[in-house]
Every structure is written in structure tokens, then in C-alpha cells.
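For reference, the structure is listed below as C-alpha cells.
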Amino acid sequence: MSASSHHDLHSKLSLGGILVTLGIIYGDIGTSPLYVMKSIIGLHTIKPEVVLGGISAIFWTLTLQTTLKYVLITLSADNHGEGGIFALYALVKRTKVKWLIIPAIIGGSALLADGIITPPVSVASAVEGVRTYYPDINTVPIVIAILVVLFTIQQFGTKLVGKFFAPMMMIWFAMLAILGILQITQNTSVLCAVNPYYAYKLLSIHPDGFYVLGFVFLCTTGAEALYSDMGHCGRKNIRISWIFVKIALLLNYFGQGAYLIKHAGHTLKSINANNGNPFYLVMPEWFQPFGIVISTMAAVIASQALISGSFTLINEAMRLNFWPKVKIKYPTDLKGQIYIPSINWLLLAGCIGIVLHFEESSKMEAAYGLAIVLCMIMTTILLTYFMILKRISWFIIAPLILLYLVIEFSFLIANLDKFPHGGYVTLIIASALTFIMSIWYTAKKISKNYTKIVKIQTYKKVLAELSVDLSIPKYATHLVYMTNANRVDEIEEKVMYSILQKRPKRADLYWFIHINITNEPYKKEYKVTEIIKNDLFRIDFNLGFREPTKINLMFKEVIKDMVAKGEVDITSRYESLSKNNIIGDFKFVLSEKFLSNDSFMHWHEKLVMNTYFFFKKMSLSEEQAFGLDSSSVKVEKFPMVLHAPEKIELCRIK
């Protein structure tokens with residue numbers, strides 16, 4: 001599927017598309033009623049003005065932050081139909097503003113950290129509903145068991161279970177709306193919470209003061225997922241389905257508020273000592289067992305969306321040189337559905353660690369929100385440059401960006417209050433991920449700066465002579481090198497050293513393959529240049545940042561196409577094999593760098609490069625990353641010299 005057809009497919013508005021959107025996009029933001037009002041009220045006595053203030057703050061947060069910023073503005077910043085912070089960075093990279101790499105890396109790391117905390121919070125909040133019937137039950141083993149099953153089935157793909165996501169989430173949102181309406185009809189005064197005055201007043205009357213915004217923010221943590229998963233569903237489908245989702249969410253929040261106002265003067269524990277969660281309290285007693293099951297399934301779906309999103313994020317990070325190469329599997333034929341084993345088990349370990357550390361959802365909520373608000377701020381910064389790129393007037397850009405920086409920094413300051421209570425956990429995770437991405441990107445940049453590029457023109461004559469020099473044993477019929485040289489008439493000096501000096505490698509045909517990762521997510525193009533007639537070819541692959549680099553398969557397709565067009569003869573040049581039309585052998589030569597002992601580095605370069613090579617040992621080898629058959633690959637080691645030593649003065653004695 002081409003990039004344009006992929007974009008056209010997802011830009012279409014359809015009932016099926018809307019249903020799929022419900023199943024994929026809204027799991028995170030859709031399950032927030034499980035814990036938001038519970039967090040705002042906490043252990044304090046229920047006061048009508050606090051309840052109205054909380055509902056009002058939720059209403060305006062969902063309106064300004066989720067609806068206006070993400071659904072209306074940010075979704076317009078699509079990269080050929082794809083969304084997410086890395087897709088946005090790939091889009092604004094063309095502004096040539098180098099420091100934009102910083103918000104991209106911080107935002108991506110924060111989003112990954114959120115993928116570790118969200119599944120435990122959602123699943124734990126849902127499972128704790130069983131305490132209504134079994135007050136002394138330890139929910140930790142149940143939560144861990146659900147998470148283990150969820151992460152284990154990832155390797156088989158989610159095509160089958162994904163069919164149930166849409167109808168299940170439809171039931172979930174319908175349940176939210178109906179439960180809310182039942183309570184609102186009994187206390188319509190709660191509707192006055194649409195007045196923003198109550199939200200403003202909340203900051204002065206809530207026991208936690210300004211920091212209550214940290215709990216209010218939990219209602220919009222899933223907004224970033226709307227943007228990240230745009231490529232799966234399309235902008236129009238998200239915008240239309242959001243109308244239904246927002247109404248269902250608000251009805252439930254207002255319904256919880258109506259119930260709480262009726263119980264003013266009490267605490268949540270005094271209303272129900274076993275399960276003081278207003279989400280479950282609004283349910284009729286006979287419906288609660290069904291509500292617990294539906295909530296748990298919705299929480300699992302929310303977790304699934306974040307796991308899939310994390311795989312996509314890491315895949316993009318690898319293409320943009322932010323992350324070490326790791327093994328990627330394609331469990332189904334669905335486009336864009338990938339499985340990364342190492343990330344899957346790391347996420348599971350992180351989720352289990354969170355559950356064991358905090359044990360209860362109320363304690364996990366303290367760790368929740370800090371990372372994602374950082375991601376939102378980074379998105380706002382990148383969005384500013386997208387608007388500049390689109391030549392939008394500064395009279396529009398300035399007030400919009402200022403508004404969202406004020407809102408998001410307010411949420412950030414409020415969330416910082418959670419730091420000693422658990423917020424440090426996600427911040428440590430996000431910092432570790434930022435460190436890895438920064439090291440990998442910087443090391444790649446240093447490596448590129450110290451790679452010597454030479455003109456192929458200088459070597460044309462000797463290459464042509466080498467291929468027919470019978471005094472040198474033939475190394476391969478076809479000799480293939482990967483190159484990072486962007487220009488067709490250039491090549492790395494180490495490649496020519498490998499062919500001519502290390503051990504002269506005679507071949508009938510030489511091939512240079514260059515991969516260019518494009519800003520378009522699903523581009524698959526190639527260009528063939530004949531540098532020396534019947535001796536040297538260069539193939540340039542232009543691949544989207546979401547496309548897998550299956551070089552072995554793609555190279556075969558290119559060769560097949562060239563043979564069909566009579567552009568190249570790949571039969572063996574050995575007489576006995578040639579007359580029987582036997583295809584010649586192909587040999588790939590890959591270079592593996594190591595840090596030379598002759599390198600003189602500054603301390604920061606030493607830290608970066610040593611850490612880079614440490615991570616590289618644990619990452620995928622070049623042959624695996626390119627999808628090459630190891631039997632046809634030769635790996636050569638080349639020393640990487642940074643700041644070559646000055647000439648050493650030696651005195652010869654007799």
C-alpha cells in the first residue's frame with residue numbers, strides 16, 4: 001500500500017471506521033472515570049462546592065485540552081495521515097531547527113513511561129470493584145495475572161481479540177452515559193458545573209488547593225493517544241466519534257457528581273467501607289457485578305492500546321536513530337501491527353514492578369500524570385513550529401500557544417506535588433528513556449561526523465580493472481555493500497578500503513545500497529544508478545519511518561525487476577554455470593565499528609561513545625536489522641578514530 005493510498009483509506013469517514021476508532025483510540029481516556037472523581041475527593045469530607053468545582057474543572061479540561069487542542073488543532077498536524085510526537089517531529093524537521101530534537105526525545109520518553117503506569121492504574125481500578133463483595137481480598141495477584149496474560153498474547157497478534165474491542169467499548173461508553181443520566185435526573189443542579197467559576201473557586205476551597213489540578217488532569221491523560229493512533233483510524237473518524245465519547249464521559253462525570261452532592265457531609269469510606277469509588281457507587285446494586293466485569297474488560301482494552309502504541313513508538317524511534325535496533329515481528333498481515341519482544345517484556349516487568357510497589361490504584365494515581373503532561377508540553381512546542389511551517393499568522397499562533405503553555409505548565413506544577421508520593425517513579429523511567437535516546441542519537445551523530453566520505457570517480461578505473469583481474473581469486477559474483485553516503489557519486493572510505501586494500505575483493509558486479517528514511521510514514525520507493533557500466537550499481541531505497549527495512553527481500557525484488565527489463569545479467573560468470581543459466585552468488589559485506597585505542601576524546605564524547613557501544617552489544621546486529629541471510633554475510637570490523645593523535649616525534653638511534 002502506498003503512502004497516498006494509506007492516507008486516502010484513513011481519511012474516509014465511515015460507520016465501520018468510527019466503530020474501530022472506539023475500540024482502538026479511546027481506551028485510556030475512556031477509562032478515566034474509574035479514578036478521577038475518586039482522586040479529587042480522596043479521604044476528605046464531601047462538599048457540594050468541591051464536587052461542582054471538580055466537575056467544572058473536568059468539563060473545561062476536556063473542552064480546552066482534549067477537544068480544542070488535540071481533536072481540532074493537533075489532529076490537523078498529520079504526517080501523511082500519521083500522528084504522534086515522532087511523526088510530528090519528522091514533519092517539523094524540515095525547518096532545520098536543530099534543538100527540536102530535544103522536545104521530540106523528551107516527549108517520546110514521557111509517552112513510553114506513561115505506557116508503563118497506565119495499564120496497572122486502569123486494571124487495578126477496575127479489579128478493586130470486587131472489594132464490594134470481598135472486602136479483604138488482595139487484588140495484587142489478580143491485577144498481575146491479568147497483565148501477564150495480556151502481555152503474553154501480544155506475540156500472537158491482536159487481530160482476533162481486536163474484533164471485540166469496538167463492540168466492547170461501545171457497551172462501555174453506553175454504560176457510562178446511562179449510569180450518568182440515571183443520577184443526573186435525580187439531581188439536575190449538578191449541571192450548573194458548566195460555569196467555569198466553580199472550577200476557579202475549586203482552587204481556593206479544595207484541601208489540596210492548587211495541587212488538586214494534578215487529579216483533574218487525569219481526565220485528559222489519554223488525549224495524546226488520540227493523536228498517536230491517528231494513522232490507524234483517520235482524523236475524520238476520530239473527530240466524529242469524539243462527540244459521542246465526550247458526551248458519554250461528561251454524563252458519567254456529572255452523574256458521579258450528582259450522587260456525591262446527595263451524600264454531602266460524608267466521606268467515600270463512610271458511604272461504602274469496602275469500595276469507596278464513586279464510579280461503582282452510582283451503579284444499582286444488582287448491576288455492580290456486570291459493571292465490574294465490563295470495567296475490567298475496558299481497562300484491558302485501554303492497556304492493549306497503550307502496548308500497541310509503545311511498539312509503534314519504539315519502531316519510529318529506531319527509524320529516526322533514537323533507539324538501538326531491536327527485533328521486530330509481524331504477527332499478522334494487518335498493516336502497522338508489530339510486536340517487539342524486548343519492549344513487550346520490559347513493559348510487563350515495569351507494570352508488575354508498579355503493581356508490587358504501589359499495590360492499590362489510589363497510590364498509583366500519585367505516580368500518574370507527571371510524565372504525560374511533559375509529553376503534552378513537548379507536543380505544544382513542536383506544534384508551534386508546525387504552524388510556522390504552514391505559514392499561519394502569528395496573531396493566531398501566539399495566543400493559542402500561550403494559552404496551552406499556561407494550562408499545561410499549571411498542570412505540570414500541580415503534578416509536581418505528586419513527586420514524593422510516587423511521581424518520581426515515572427519521572428525516573430522517563431529520564432532513563434531520555435538518556436538512552438539522547439546517547440544513541442548523539443553517538444550516531446558523532447559517528448557520522450567522523451566517517452570519511454570519498455568520491456567514487458577516483459576509484460572507477462581501479463574497480464573496473466579489479467573485476468577482470470584474473471590474478472586475484474574471485475570473492476563473489478555479486479558483492480554488496482551498505483552505504484550511508486547520501487550522494488550517488490560518493491562512498492565511505494572504509495568501503496573502498498575493504499574492496500581494494502584489506503583483502504582485494506574481486507567480483508563481477510559491485511552493488512552499493514543506501515537507505516533513506518523519509519518523513520512520509522509508508523513510502524516505498526527505489527532508484528537504480530549505473531555508476532560503472534556492467535560493473536557498479538547503486539540502489540537508493542526511500543523508505544517511510546514506519547516501514548520495515550527488509551533489505552534482503554527488497555533487494556531481490558529490485559534485481560528481479562532489473563533482470564526482467566534486461567538491465568543486468570545475474571547469471572554466474574563461470575563458464576560451466578553460465579551455460580546452464582545458474583544464478584551467481586550474492587555476498588553482503590557489513591562493517592562493524594569499534595572505538596580505536598588511538599582515539600583522543602573529550603570526557604563527554606567518551607561517556608557517549610562508551611555507553612553507545614555498551615547498548616550496541618545488546619541491540620540487534622546489522623545483518624538481523626537489515627533482514628539478511630547470515631550465510632551470505634561477511635562482517636568486517638573497522639576502528640573508529642575520534643580526534644586522531646598528533647604526530648609522535650621519535651628519535652632513531654644506531
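Quick reminder: no glycine exception, Cβ is built from N, Cα and C everywhere.
The transmembrane segment feature in Swiss-Prot is assigned to 17-37, 40-60, 71-91, 99-119, 137-157, 164-184, 202-222, 240-260, 281-301, 338-358, 394-414, 423-443 (among others).
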Worksheet, complete the sentence: If one takes Cβ-Cβ under 8 Å and requires six or more residues beyond its ends, the residues near the transmembrane segment (202-222) are 26-30, 32, 35-36, 39-40, 42, 44, 47, 49-50, 53-54, 56-58, 61-62, 65-66, 114, 118, 249, 253, 302, 365, 368-369, 372-373, 410-411, 413-415, 417-418
Response to the item:
Among 71-91, 240-260, 338-358, 423-443, the most Cβ pairs under 8 Å with the transmembrane segment (40-60) come from 240-260
Worksheet item: Cβ pairs under 8 Å with the transmembrane segment (281-301): which stretch of 17-37, 137-157, 240-260 has the most?
Response: 17-37
Fill in: Paired segments the transmembrane segment (17-37) and the transmembrane segment (240-260) in contact, 3+ CB pairs under 8 A
yes
Worksheet item: Are there residues at least 6 beyond the ends of the transmembrane segment (423-443) whose Cβ is under 8 Å from a Cβ of it, and what are they?
Response: 101, 105-106, 108-110, 112-114, 116-117, 317, 321-324, 350, 354, 357, 366-371, 374, 415-416, 608-609, 611-612, 615
Fill in: In contact by Cβ distance (the transmembrane segment (338-358), the transmembrane segment (137-157); 3 or more pairs under 8 Å)
yes
